[in-house]
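Colleague: Take a look at this one; I'll ask things after.
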């Protein structure tokens, strides 16, 4: 398991609400909580930038973090991430913020401390461009957008 430096920016974390933790041995994501000043209603079509009260520093350029939606919120209530996926670079040190979007038809109450997203660490491979005049042939070539077949 990798060590991840974290700073608690909201004193309610560690007191009223636990630090992010893996729910099971097989969990890939750490739950992030809505550290709002008060419960907030997210109206249909509305987006809101929600503080998590936590900052992290990954430090290792071979890693990054992704902020991903919690499946139950999207499926049951239409609450998804406004930017679909949040990418946290290894050298970022600011507060983790979650953009929530209500794509549903009804208002949704976000309670203080509610688990709203999850943080997943992923490996990163940095590449450089090697400029060429032509590519070696591949089976697919430049075909895209359904080129490989139908359902």
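Glycine residues also receive a Cβ, built from the backbone N, Cα and C atoms like all the rest.
What Swiss-Prot lists as substrate binding site is 70, 71, 72, 83, 87, 88, 89, 97.
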Colleague: How far apart, in angstrom, are the most distant Cα atoms among the substrate-binding residues 70, 71, 72, 83, 87, 88, 89, 97?
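Modeller: Overall maximum Cα spacing for these binding residues reaches 26 Å.
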Colleague: What three-state secondary structure does DSSP assign to residue 83 (substrate binding site)?
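Modeller: Going by the DSSP assignment, residue 83 (substrate binding site) belongs to neither helix nor strand, so it counts as coil.
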Colleague: What is the total of other Cβ atoms whose distance to the Cβ of residue 72 (substrate binding site) is within 10 Å?
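Modeller: There are 10 such Cβ atoms around residue 72 (substrate binding site).
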Colleague: Of all the binding-site residues given, 71, 83, which residue's CB has the most CB neighbours within 10 A?
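Modeller: Per the Cβ count, the most surrounded site is 83.
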Colleague: Near the Cβ of residue 87 (substrate binding site), how many other Cβ atoms are there if near means within 10 Å?
Modeller: 12
Colleague: Across all chains shown, how many C-beta atoms besides its own are within 10 angstroms of the C-beta of residue 89 (substrate binding site)?
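Modeller: A count of 12.
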Colleague: Just counting, how many other CB atoms are there within 10 A of the CB of residue 97 (substrate binding site)?
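Modeller: Within a 10 Å radius of the Cβ of residue 97 (substrate binding site) lie 13 other Cβ atoms.
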Colleague: Does DSSP put residue 71 (substrate binding site) in a helix, in a strand, or in coil?
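Modeller: Helix, per DSSP.
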